[in-house]
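Engineer: My questions will all concern the structure given below.
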Amino acid sequence: METNIREERRKIFRQELYILKEKGYVSEAIVEAVAKAHHTFHLDLINKEAEEQLKESEKKISVQKSVPKKPQKIKKALSQKEIRESNITWLLNIGVIFLLIGGLFVATSNWESMSSLMKSGSIGIVALLFFGIAGLSEKILHINKTAFAFIILGSLFLPIFILSLGWFGLLGPYLSITGDGRYILGALGSFIPIIDYVYFAKKLDSRLFVWFTYISLTSGFAFLLASLKLEIDLFYLGLMGFNAILIFIYHLVKKRKGLRLFTSEFVPYIQANLVICTLLMLFIYDNQIVYGFNLLLTAVIYLSMMYVSGRKEYHFIFSAMIVYGFYQVIEHSMLESVGPILYALAAFGFMFVPKAIKEEFSLDKVFQVTSAVVSGLAFIYISFEGILLRSGEPSLVLLIAYIIIAANFTYLSHHTPRAIFPYFSSFFLTVAIMEVLSFISLVIDFHFSLTLFFTGFLLFILFGILHLGAYLEIVRISSRDVGAVVMGFAILAAFVFQKWWELGVMLLLLVSCAYLLLKSEKRLHYKKAAEWILPSTFGLSIIAFGSEINAHSALYENDYGDTVNFAIGAILVLLSSFGWKQVKEKRLEHTSLFVSQILYTLAIGQSYVGSVNELWVQPLVLLIGVWMYSYLYKRIGTKWIPFLIGMATLLAYLTCVHALSMKIEINQMMNTLIATMSAVILLVICYLWRNKDQNLSSAFAWIGHILLPAVLGYTWLFDHDTAWVSFVIAIIAYAISARQAGDEWKIKLFLYGCFSSVFCVTSLGMDHLFDSLKRYYEFPITSIVLGLFWLAANPAYKKRTIYYLVPFSLFGLCCTLNAYPFGWGPYLTTSVYTIGVLFFLHKIKWNQFVIFPLFIAFIATVEVSFSDNLVLVEKMLLSGGIGILLVLVGQLIYRQLIELGKKPQEIKLDGYTVIAPLFFSFMYYFNDQSVWTDALPGLLISASIWMQRKRVPENYSVLVVMLGSLYLLQPYYSVVTDLDIPALWDREAMVLPLVVVVILIRVKLKDHYTSLTKPLEWAVLCAVAILLIQDGLASSTIYDAIILGSLSLLSLLAGMFLQIKSYFFIGSSVLLLNVFLQTRPYWGNMPWWGYLLIAGLILITVASTNEWNKQKIQKGETTFLMVLKEKIITKIRKWD
């Protein structure tokens, strides 16, 4: 308690020191020195107290040795005994539930047909059953937790049983739920169970039953008073008298040791009892005004309790009850008309509550926050009420309420260091100003956005800029911030509703606000923002006034429109930068220059998306734009500005050409040349400026080379007949650029652009000469040309050419697959192309990429097989022959399937052998109903896998052999499917080979990879068992039962003799399941509740047996079941 008081005093001292600094009584240096000294003093006090506590603890060491130390609360790990007791409890609970469901099914299934006596008797029997189970758990099984849970359930059923007597009318019409004695029934339901609660509270030493007793006592007395049909004030007086009597009795018996369990819980109970009494009064009676006064009275009681007990947390209840009480009294009385003022005053009144209680509580800050929260809620309520009831009409009452709330937050701002309170004050001042302007709008009608703007403008000027007194200085900064936000919303509203002249006026006034903010604001980031806002709002105001002209002149809008508005705004802002330069405002000069450039960029964009005269206005805007960007580059010289000059130059060229086309007709060849020359001109300018201005030259080069591919694509799509001219020019441009480039990546980029242009020229040429052959030969011819260049080039260009030629050829191979119909001509072309690419890849030693042309050759083989008139056998021989050829070629070229190297490019992969199984797999599609055609692909794949056993590391050769052997299952299944096997053995023939495979894996791997083989063994055996069981159930013959039983018995015996768990457990499980299924007619007709009874008895028996064993163990005895279990577990643990 002393620590909290000292902390509050420290905070009050720092708060007062802060106020002295704000009002100018002391300087900042003095404040820092005093604060530092006070902080040191505070730390010394803490250290001194720590030393005193250490001395006291040393004196009490002897006492502490005799007193056990309180253990630290940590999450305790359950012991084996506790886990076993928990399991027994769960078994017992589940068993009891099963017994209840099964045993009560007959009684509850016909509930409607039962008499009232039987219904109430059933509830009483359930309560007795719970008590009986509790006695069984406590006396016999010694499970106290379960006994306690069932005691609680039984105790809760007692009042339910008493109320059910009245519900079903067993006590007569007077003591029924709807009778005149219903409150006496409630009293009986509360008082009678008290005997049970008191008994178990003492027996179990349970606080829960103490609270049951107290709550039952309160509710019983309340129902007893209600039965007397008293007035509401006498009823409440009776409850308060009851509380007084309880307190008097508490003072008489609080020192008795026998009643300490009840007296220790009395203090928190009597506090909660006030709320319970209020709720009971609300439940029984319904008078809002009296209820409100009772709430206010209860709030005063809680304030008194806080004064007496020193518990500060009671202020939450006090505040809530005060607010709710005021609401009940005001809304249901004649005070409703001035409710907003009273709500605001009530919120303000919380500030003075701490004056009425002890100073050591230090609740000033708490009630300041409470006052702020209540003020906010009052504002929301009265504003919402004003909108609904007064339809937004101005109200003098609301104005006064807003001014009171604003004054409240201003007062809070002076008495608390929270920075948010001045903003709340400014916000409510805004609402008050807007309410005043609403009165003015009744005389002068103007748009809502203008009203909102003037609200923020007046707040900004009056309370943010002007000095209206020392007391209001604290809200100057917040008024500027809130006023700026309000003006921003007003400008947004005017823009949304297209009120252009209003928007222009707002923006011009905002220019003055920005200048005043720039001169009066001390926050750096706000000053920087004002430097940008001032020129921006000036330019936007010009645009807004121009938009007003657009709205009234169709001619101006069509020929000039927003394009000229933005351009004029940008030019005027640029001219204003000259003015700022004259008055030596360098920052404003700088920001005005940039804002003018941004606005003119928007003007250029608007010239393309808006309505404008394209003959002379648009070209003029673009030409002026080139000058604007050039002037900006001259002023600041930043590297990125030449890109704007280049873009403006390009757009000016295009707009001038477009204007010229409106007067002169342009043919297709000229159109192609004009498009191509747009990029060429930029590259020529780049070449001319390369020695004068490197930044400008680089920018034009970037734009030209980015534009050139786009132009080539445009001419390819829209000027296809004359596009060859563009690509010839592109070959020359890229070749020159490659020669001029100095960086390696640029050389490659331009060289590859030249290669791509060569391909396009080849394609266009073949399009004119050999249209039907173009799609087959354009890629191979281009690859040949590039290959010849590779042969003639120097080593550096050879290396660069490889990185283009290989991907291009692979892509070309893919494109040759698109021929339709894909006959022998395209197939042979693709094959020859593939051989050439493979030869080139081996030549440059790119062995990793061999697999790609081989895969494309496989796709080509698939296409020709489906599109040509070959018989099935010929298709199989073609696919199989190529697969065999690839396997043999791979064996000749590569010694190993995978040869690793120190570098990634030194890795060698036998792509021929990898692709060969695809050809073998493709043979599955050609089935001519012959047995050998089904088995041949699998045999070839298995053989190709077997051939790799010496081409892999020795550690993996056994896996290769296993994989080849496993794949033999496929031809086996294909042959078995075609053979006529009896239905009795069909499923066995399908699944038993899987068991053989598992045995083979176990034998081959021996003790290796047991973490994988054992789960695999279990999974396969389970799957086989499930499939065989499903087959037996589907046929339901004695022969299937015999076969299934024999196989499961064989598995059980094998598992037992070989000591393998999987075979033993799965075999025994299937054997038992087989017996269970064969005896289904004997147990299948039992009713479902019979199973519940059996399950419940079994669970209770198991729980009891476990408890019996536990008690035997505690006595040091050993049972026969325990000995047998240990022997079995020990032996099975040794199995594999």
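Backbone N, Cα and C define each Cβ position, glycine as well.
The transmembrane segment annotation in TrEMBL covers 117-136, 183-201, 234-253, 291-309, 420-444, 592-609, 696-717, 723-742, 749-770, 826-842, 878-897, 1088-1105 (among others).
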Engineer: Residues of the same chain, at least six outside the transmembrane segment (723-742), with any C-beta under 8 angstroms of its C-beta?
Structural biologist: 669, 672-673, 675-676, 679-680, 683, 687, 705, 708, 711-712, 715-716, 750-751, 753-754, 757-758, 760-761, 764-765
Engineer: Do the transmembrane segment (696-717) and the transmembrane segment (749-770) share at least 3 Cβ pairs closer than 8 Å, excluding pairs fewer than 6 residues apart in sequence?
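Structural biologist: Answer yes: the transmembrane segment (696-717) meets the transmembrane segment (749-770) with 3 or more Cβ pairs below 8 Å.
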Engineer: Grab the same-chain neighbours of the transmembrane segment (826-842) for me: Cβ-Cβ under 8 Å, and only residues 6 or more beyond its ends, written as numbers and ranges.
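Structural biologist: Result: 776-777, 779-780, 783, 787, 805-806, 809-810, 812-813, 816-817, 819, 849-850, 853-854, 856-857, 860-861, 863-864, 893.
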Engineer: Please report, as numbers and ranges, the same-chain residues at least 6 past the borders of the transmembrane segment (183-201) whose CB is under 8 Å from any CB of it.
Structural biologist: 151, 155, 158-159, 162-163, 166, 171, 175-177, 209-210, 212-213, 216-217, 219-221, 223-224, 226-227, 261-262
